[in-house]
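Asker: Quick one: this structure, given as structure tokens, is what I'll be asking you about.
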Amino acid sequence: MLSLIEQIKSGKLWDFPGGIHPFENKHQSNRQPIINASIPNELVLPLKQHIGKAGDLLVKVGDRVLKGQPLTQYTSTFMLPIHAPTSGVISAIEPRTVAHPSGLSELCIVLTPDQQEEWFELQPQPDFQQLTPETLLELIRQAGISGMGGAGFPTAKKLQSGLSRTEILIINAAECEPYITADDVLMRQYAHEIIQGIEIVEHILKPKLTIIGIEDNKPEAVAALQQAAQDKPMVIRVIPTKYPSGGEKQLIKILTNLEVPKGGIPADIGLMVQNVGSLQAIARAIVHGEPLIRRVVTLTGDCFRKPRNVWALLGTPVQALLNEFGYKADKKLPRLIMGGPMMGFTLPHAQVPITKTANCILAPTRNELTSSDNEMACIRCGQCAEACPVSLLPQQLQWHAKAEEFDKCEELDLKDCIECGACAYVCPSEIPLVQYYRQAKAEIRTRSLEAEAAERAKARFEEKKARMERDKAERENRFKQAAEDRRKEMQQQGGSDAIAAAIERVKAQKAQLEPTDNSVKPAIAAAIARAKAKQAEAAQSGASEPDNSEMAKLREERKRQARERKAQKGEVTEASTSDGADDKKSAVAAAIARAKARKAEQQETESAAQPAQATPSSDDADPKKAAVAAAIARAKARKAEQGTESTAQPAQATPSSDEADPKKAAVAAAIARAKARKAEQQETESTAQPAQATPSSDDADPKKAAVAAAIARAKARKAEQQETKSTAQPEQATPSSDDADPKKAAVAAAIARAKARKAAQQSSSNLNAEEKD
């Protein structure tokens, strides 16, 4: 079985799927040789004329530059410099419309030529075989050479990807696009330089075989190459004319029957493809030292009076070429297309400059090239799928692209589309399919860039967050270490930490306060127990209202303790907040606290002053307890007085114990007084009746009885007044008791007074009756 190289040398060819045979119309521009276009009045040089990044500026406005002088510099392999096409002055650096389907503006250098054609110093390398591949790649990169037959990929970067792994070098001379003849005429006139460029690339890549693929519609170019390549180990293979056989993947399929893997490049399968225009530029850059400052441009279409190929300086406005070579616009449908009718795009205006990838300016009439503005609905005929050279599904791709379903477009391998235009050419509905695909690709590319930028921003944020946390931890460690060093230093000096000392002082003060609080708790518990016992006793005796005097005392005691704790907390706060306070401040705080305590004690003493006069309490006695004791003493006094006044029932009053409640004592006293008055009235009445019945008795003296009754009434009134005063004063001393009911006491006192008055009135009426008698 023959190897692949042997099959190629034997002349075997293969074919790719799909493809079309459009009307070529190449004879308009390939009949005349290439001539130099005139130097225009202004050159517009975009900083980015290739796939990749724009270079960094080396010039500024007002600088004079020489022909071939670098205007930008590169810092990465995807950057290419641009050079001055002629000598002149930099008049502006500003955005201008560039050659792109979008019609957008990019930063450009505007050069005003001085028509002197003064060259920059060149460094030719005619003996290139003595140079290393790396040196040659660097010279190619410095010359700013990019792919001149396709998308404009940097040539040095492409060659570098095939170092030490290229087996077959393929030279693309097919030029399958209708109307375009730039490569055809270039091969006719500059075949020797093209062969020199091939030899330079062979010296860099060292392939096993070199193949030149050229369509059979270029017989003169084939003859020129065969003559220039005599005695050279190269294979010139003439292939059938079929569009798009000039595509990289399609030409590889035709010549080698190999297919580039999905998402891969030809170097992955040991192949390298270069355009004849790029090879001629490589020869000029290495052998003559000239950078890429001009290219061959085809001026064709029925609107040109003299269609031909010209050497145009990069940056030449299209309008200058139109004016020089007899362009006459169509009156009804003026159009200018950069590129061919299949893959080209319409220019927004004629001031767009020529770039490294601009190989043709097509100016057709409306009859020569019809417009595709009459888009109709898809009829699902399937011709687009049959014509696709990449075996895609153009119909489904157009649907998803129109609906902006870009995820589905990617699933259908939209990125593999070479935008050849074969599908749009055969579409009976005249749907501009390539435009939909270009827009979808641009949107997908934009979203991909945004996603990458978001990922980079996320990574930067996470790195920043980690750095901030790391810095925070380092600061905390530094602070801890510094505090530890200070503590050790103070300990060595015999001192102590001020903060620790303040904390110890606060703890000591709290420890001093704890015993006081603990001593109060048993008293509170005892008071609560007494209150509960009295409430239970009241409930058993059937009293309508329980006795809540103990709860009142308990609340008052709690309030007093709260005031004392508040004063003590104030002293503790002052002590803790002022670590370095002197003895004077402490003395002032203590004096203020003592003054507050004395004031509170005086207020409580004044409220119980009058009851305390009867029974003076000791210095340590509680004013509330003193008031209770005074009330009990008054009740005992009244009971003793009642015992002396009424001898009829001396045992009815039951003296209360020292622990009696003042309210109960008051109620008992009132009841005793009422009973005494009632007994007095009964005694008076009984005395009056026997006196009337036996007026002549020796023991009954009416005058003495009247005097005795008057004395009794006077004593009763006096006792009532003293009782009223003594009852009013304790009530005023404790007006805020929640459990005591002042209204009931007042009602009882009023009832007692009313009964006393009634008894007095009855005794007076009896006395008057006796006097009348």
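Easy rule for this one: first residue shown is 1, then count along the chain.
Every residue, even glycine, has its Cβ placed from backbone N, Cα and C.
The shown structure was predicted, so the numbers you read here are calculated from the model rather than taken from an experiment.
For 368-398, the entry in Swiss-Prot reads domain '4Fe-4S ferredoxin-type 1', with the evidence type sequence analysis. The feature [4Fe-4S] cluster 1 binding site is assigned by Swiss-Prot to Cys378, Cys381, Cys384, Cys427, with sequence analysis given as support. Residues annotated as [4Fe-4S] cluster 2 binding site in Swiss-Prot: Cys388, Cys417, Cys420, Cys423. The domain '4Fe-4S ferredoxin-type 2' annotation in Swiss-Prot covers 408-437, and the record cites sequence analysis as its basis. Look at Swiss-Prot and you will find 460-490, 550-572 tagged as compositional bias 'Basic and acidic residues'. Under the heading region 'Disordered', Swiss-Prot lists 460-496, 533-773. Per Swiss-Prot, the feature compositional bias 'Low complexity' maps to 533-545, 605-618. Residues annotated as compositional bias 'Polar residues' in Swiss-Prot: 643-657, 684-697, 724-737, 761-773.
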Asker: When the Cα-Cα distance from Cys427 ([4Fe-4S] cluster 1 binding site) is computed for each of the binding-site residues Cys388, Cys417, Cys420, which gives the smallest value?
Answerer: Cys388
Asker: According to DSSP, which kind of secondary structure is Cys423 ([4Fe-4S] cluster 2 binding site) found in, if we only use helix, strand and coil?
Answerer: helix
Asker: What is the number of other Cβ atoms found within 10 Å of the Cβ of Cys388 ([4Fe-4S] cluster 2 binding site)?
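Answerer: Counting Cβ neighbours of Cys388 ([4Fe-4S] cluster 2 binding site) within 10 Å gives 23.
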Asker: For the domain '4Fe-4S ferredoxin-type 1' (368-398), what are the same-chain contacts with Cβ under 8 Å, counting residues 6+ beyond its ends?
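Answerer: Result: 16-20, 244, 247, 249-250, 301-302, 333, 335, 341, 362, 408-409, 412-414, 416-418, 420, 422-433, 436-437, 440.
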Asker: Averaged over the domain '4Fe-4S ferredoxin-type 1' (368-398), what pLDDT does the predicted model reach?
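Answerer: A mean pLDDT of 90 is what the model gives the domain '4Fe-4S ferredoxin-type 1' (368-398).
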Asker: Which binding-site residues (Cys378, Cys381, Cys384) fall within 10 Å of Cys423 ([4Fe-4S] cluster 2 binding site) by Cα distance?
Answerer: Cys384
Asker: Sort the residues of the compositional bias 'Basic and acidic residues' (460-490) into helix, strand and coil with DSSP and give the three counts.
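Answerer: The compositional bias 'Basic and acidic residues' (460-490) comes out at 31 helix, 0 strand, 0 coil.
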Asker: Which residues in the same chain, at least 6 apart in sequence, have a Cβ under 8 Å from the Cβ of Cys420 ([4Fe-4S] cluster 2 binding site)?
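Answerer: Result: Tyr243, Pro244, Gly247, Met342, Met343, Pro389.
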Asker: Measure from the CA atom of Cys417 ([4Fe-4S] cluster 2 binding site) to the CA atom of Cys384 ([4Fe-4S] cluster 1 binding site) and give the result in Å, rounded to a whole number.
Answerer: 13
Asker: Determine which residues of the same chain, besides Cys388, Cys417, Cys420, Cys423, have their CB within 8 A of the center of the CB atoms at the recorded [4Fe-4S] cluster 2 site, and list them by sequence.
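Answerer: Leaving out the recorded residues gives Gly18, Cys384, Ala387, Pro389, Val390, Leu392, Pro394, Ile418, Glu419, Gly421, Ala422, Leu433, Val434, Tyr437.
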Asker: Please report the distance from the Cα of Cys378 ([4Fe-4S] cluster 1 binding site) to the Cα of Cys417 ([4Fe-4S] cluster 2 binding site), rounded to the nearest angstrom.
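Answerer: Distance (Cα to Cα, whole Å): 20 Å.
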Asker: Within the same chain, and leaving aside Cys378, Cys381, Cys384, Cys427, name every residue whose CB is within 8 angstroms of the centroid of the CB atoms belonging to the recorded [4Fe-4S] cluster 1 site, in sequence order.
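Answerer: Neighbours within 8 Å of the Cβ centroid, excluding Cys378, Cys381, Cys384, Cys427: Ile379, Arg380, Gly382, Gln383, Pro394, Gln395, Cys423, Val426, Pro428, Ser429, Ile431, Leu433.
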Asker: Near Cys381 ([4Fe-4S] cluster 1 binding site), which residues of its own chain have a C-beta under 8 A away, given they sit six or more steps off in sequence?
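Answerer: Set apart from Cys381 ([4Fe-4S] cluster 1 binding site) by at least 6 residues yet with Cβ under 8 Å, we have Pro428.
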Asker: Can you tell which of Cys378, Cys384, Cys417, Cys423, Cys427 has the least company, meaning the fewest other C-beta atoms within 10 angstroms of its C-beta, among these binding-site residues?
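Answerer: Ranked by other Cβ atoms within 10 Å, the binding-site residues Cys378, Cys384, Cys417, Cys423, Cys427 bottom out at Cys378.
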